[in-house]
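Working notes for the structure below.
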There are 2 protein chains.
Amino acid sequence: MKISCKKADLAKGVQIVSKAVPAKSSIKIQECILIEAKGGTIHLTGNDLELGIRTEISGTVVQEGAIAVEAKFFSELVRKLPEGEVVIDTEDDVQATVKCKKVKFDIAVKSGDEYSRIPAIEKKESIILSEFDLKEAVRQTIFSISDSESNKMMTGELFEISKNKLRVASLDGHRISIRNLTLDEEYEERKVIVPGKTLTEIAKIIGNDPDIDIEIYFTKDHILFDLDETVAVSRLIDGDYFDINRMISGDYEIKLEVNKKELQECIDRATLLLKDKTNHPILMDIGEKDVEFKVKTGVGSMNERLEITKEGKEMVIGFNPRYLLDMLRVIDEEKISLYLTNPKAPCVVKDEKKSYLYLVLPVNISKAA
Amino acid sequence: MKISCKKADLAKGVQIVSKAVPAKSSIKIQECILIEAKGGTIHLTGNDLELGIRTEISGTVVQEGAIAVEAKFFSELVRKLPEGEVVIDTEDDVQATVKCKKVKFDIAVKSGDEYSRIPAIEKKESIILSEFDLKEAVRQTIFSISDSESNKMMTGELFEISKNKLRVASLDGHRISIRNLTLDEEYEERKVIVPGKTLTEIAKIIGNDPDIDIEIYFTKDHILFDLDETVAVSRLIDGDYFDINRMISGDYEIKLEVNKKELQECIDRATLLLKDKTNHPILMDIGEKDVEFKVKTGVGSMNERLEITKEGKEMVIGFNPRYLLDMLRVIDEEKISLYLTNPKAPCVVKDEKKSYLYLVLPVNISKAA
């Protein structure tokens, strides 16, 4: 194989596909980036066997072939090359020469034959979403997936398409995050569970331009993101996702309207008093005209009053402050509405346009007092 | 004790004195910041018993007293308070109330009585140096102190004053770094060894304004940095520093003039081939018109030619690339001169104005070939 391309193009491609290269893999060759030169085009691939990313880079194919290069080393090497034309030349499947201006590196490589390429996906059923919408929806929900593998479904996010609506949702047993997006067209009904890791990595390689469209294709087992020169294919998670509608239905007896920034700063301060891992609740003492927030731990105690607009009764309820904080960080509105019922029922934060809904379960405050 | 001050002033003071607070100390109370309110002024102190920093903050003393607060927690707390007037009030030596606007924290504190304050230093003999000069001299030499406690003197830097000259130097057995500064006045001859950690922390709390002067006082055992509201006092390291002049004297048989940036980038690339901790040398093959840099390790090999202006013979010499790189990173000149003699003699990099001199020992290249 012999190829020639600009350093900047190579560096950009390497950075993109590296997102799918595992740091450690039981299949050693998947810790590599595949470089393929065929029919006049150069492709790079990273693939951890759940998520695979393949990208085309501009350049010249002098001799066709495919080699695998250790991803971490190769990406550092490319980054440190001077700006200019890079020539990668390999006589055999063991060693390659990387030349750029007066710099010459000889590095170990592997044959590309053994490398697991990304699966071939039939591009049939798709939806279209802007970079901005996808990136935001992921950012605003990804924090409430579970990182425990004991319930695989909780490590993914629900993508539910119904007519011209897309619902992106995650839950971890303590809270639910939902973002509702409006699509430009109507599509067939579809419910899939996309691995959280896939969404995290995709969000890193896309921009946030509301005018750039991403085509997302589905098959029974896979999701494919078509980003022009780059294609990302991920396995889906098997199973029927939780019945979210059942979990969030219900009436509320109390409605609080509060300044989001003030609430977030108050709860952020409260987390000072938590030592790592311990879960002391923050108490919300909902009074006539304000809410008093109180935390007491071994480190010290805090209390702070926030002004609120309230409909409904007075009560005291406790929450894990970290869960409230995670939610508040991704809500961009200035004023938010909290809906409550009793000290054992969840708190729901939602807007009138139904663009988002967050649910957080309370904690038992009889233990905390 | 009861004091009142602006959040911003408190936060700035806490940040400064925190530089002298140890993360862990066998004397628990030194992990605290001391807050002293006396005679109308408020002082904060951090002291790890080698370096102590004391700073005055604006504010009102309502009731005199002294308490110690756990540094890490208190600095996070202050940072997260809203902007506004902070009142710290303590009835006893066990608990304090911190109030700011509608926020109220009760936190555990200790009596200030047990806290080791910074030693009283007689301000007699001093030199004057600008922030810029001190900060630069430290940055340009601190990398070649030793972090091994087996030779205590190597963990510090020499400050040698002779008439209107200040020499700042460090060495670790493999290399020497020297910066020579001109002072505005002539001072008494003096040689002291300042702990590297002290210099690192001082460099963090000073700006880099060439028009702001720092007064540095000396006693037999201490150095004191007078930074207006802030005073930093550090122990000196005992002993007679190495005879640097003897180490760097000598003639050179080869002089190379080379572009600093090109050399630095070349050697930076070479470090790609080093696995953590291993010390493969980079070979400099000094030819008629250029120098070829070569590295070969288990990871791969590199070679690169740089154009040079040369006086003297041809030869091959090897260096630890990390040592060359550390030195090149702190030299700001565009062109530098390297002086060499033979493959077993050190490489010296110095300027004609004698503002700096760096020495790096070569490595035995018969092992590397």
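Each Cβ is built from the backbone N, Cα and C atoms, and glycine gets one as well.
Just so you know, TrEMBL annotations never went through curation; they're auto-generated.
Copied from TrEMBL, the annotated features are:
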DOMAIN    B:1-118  domain 'DNA polymerase III beta sliding clamp N-terminal'
DOMAIN    B:133-241  domain 'DNA polymerase III beta sliding clamp central'
DOMAIN    B:248-362  domain 'DNA polymerase III beta sliding clamp C-terminal'
Per DSSP, how many helix, strand and coil residues does the domain 'DNA polymerase III beta sliding clamp C-terminal' (B:248-362) have?
24 helix, 49 strand, 42 coil
Tell me, roughly as an integer, the mean pLDDT over the domain 'DNA polymerase III beta sliding clamp central' (B:133-241).
96
With DSSP as the reference, give the number of residues of the domain 'DNA polymerase III beta sliding clamp N-terminal' (B:1-118) in helix, strand and coil.
29 helix, 56 strand, 33 coil
